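*Asks:* Please see the structure below; I have some questions.
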Amino acid sequence: MRKCYVKEFHKLISYSEGIEIQQKAFDFVIRNNIDGILLLLQHKPVITIGKSGGKNNILASKYELDKYSIDLCHTSRGGNVTYHGPGQLVGYPILNLNNFQKDIHLYLRQLELILINTVREYGIKAGIKPKYTGVWVGDRKIAAIGVGIRKWITRHGFAINISVNKEHFKLIVPCGIKEFGVCSLEDFTANVDYNDVVQKIENNFKMIFETDLIKEETVDNLFERSNLNLRIT
């Protein structure tokens, strides 16, 4: 059985901190030839521009971004423009696909399946939309996916809306798609618990990738012994 480590962060993480954490985890996976590390967190409000994105899909002025304390960052992930913020669970799987299957399209479908299964556990009919990535409920996207892969090790990942401020999505053209909107779990289910979503994501991750997940205390001990500090102060 494969073995991955999972690190949950319990405070809001800036996007730049998230990039730094991913790079540390990426280097750790290479150096120790482990199967992977799953990072789970919530970001401080940020608009990110992927490789295929452009500022033409940002509708907000600098004044508006400053008013709402929203950062703007270019990123190496695939995809267009998206928003991250509180009430949205972001997952960064740093997986060594050399130990799984070296197939980028399969990897994307596996991420979609994790998210679809999780959303459906709340009684919500979620699925994919032909020609588009991510997970959808009707014509509204509930979870986005954007990845990067180097040396067959993955970076970036997915974001699932739980109780995110959807007004902030009005500041952009999400993923460059004008004709469709976004939604959150809370639109369909009252009182969704963030930690419950985390647990469901972890369970589906284990099932889809056929791996054990080693939890936080062991992870911190392992990283500290290896001089890898993923703690945010």
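Heads up, the Cβ atoms here are built off N, Cα and C, so glycines get one too.
Per Swiss-Prot, the features are:
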- 32-213: domain 'BPL/LPL catalytic' (DOMAIN)
- ARG77, GLY78, GLY79, ASN80, VAL81, THR82, TYR83, HIS84, ALA144, ILE145, GLY146, GLY157, PHE158, ALA159: substrate binding site (BINDING)
- LYS141: site 'Lowers pKa of active site Cys' (SITE)
- CYS175: active site, acyl-thioester intermediate (ACT_SITE)
*Asks:* In three-state terms from DSSP, label TYR83 (substrate binding site) for me.
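*Replies:* For TYR83 (substrate binding site) - judged by DSSP and reduced to three states - the answer is strand.
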*Asks:* Roughly how many Å lie between the Cα atoms of ARG77 (substrate binding site) and LYS141 (site 'Lowers pKa of active site Cys'), rounded to a whole value?
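*Replies:* Counting only the Cα atoms, the answer is 18 Å.
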*Asks:* Please work out the number of neighbouring Cβ atoms within 10 Å of the Cβ of GLY146 (substrate binding site), leaving out its own Cβ.
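*Replies:* I get 25 for this one.
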*Asks:* Could you measure between TYR83 (substrate binding site) and LYS141 (site 'Lowers pKa of active site Cys') for me? Cα positions, answer in whole angstrom.
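*Replies:* Checking the Cα atoms of TYR83 (substrate binding site) and LYS141 (site 'Lowers pKa of active site Cys') gives a distance of 12 Å.
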*Asks:* Return only the integer: C-alpha distance in Å from LYS141 (site 'Lowers pKa of active site Cys') to VAL81 (substrate binding site).
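*Replies:* Computed Cα spacing between LYS141 (site 'Lowers pKa of active site Cys') and VAL81 (substrate binding site) is 14 Å.
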*Asks:* For LYS141 (site 'Lowers pKa of active site Cys'), what is the tally of other C-beta atoms lying within 10 angstroms of its C-beta?
*Replies:* 24
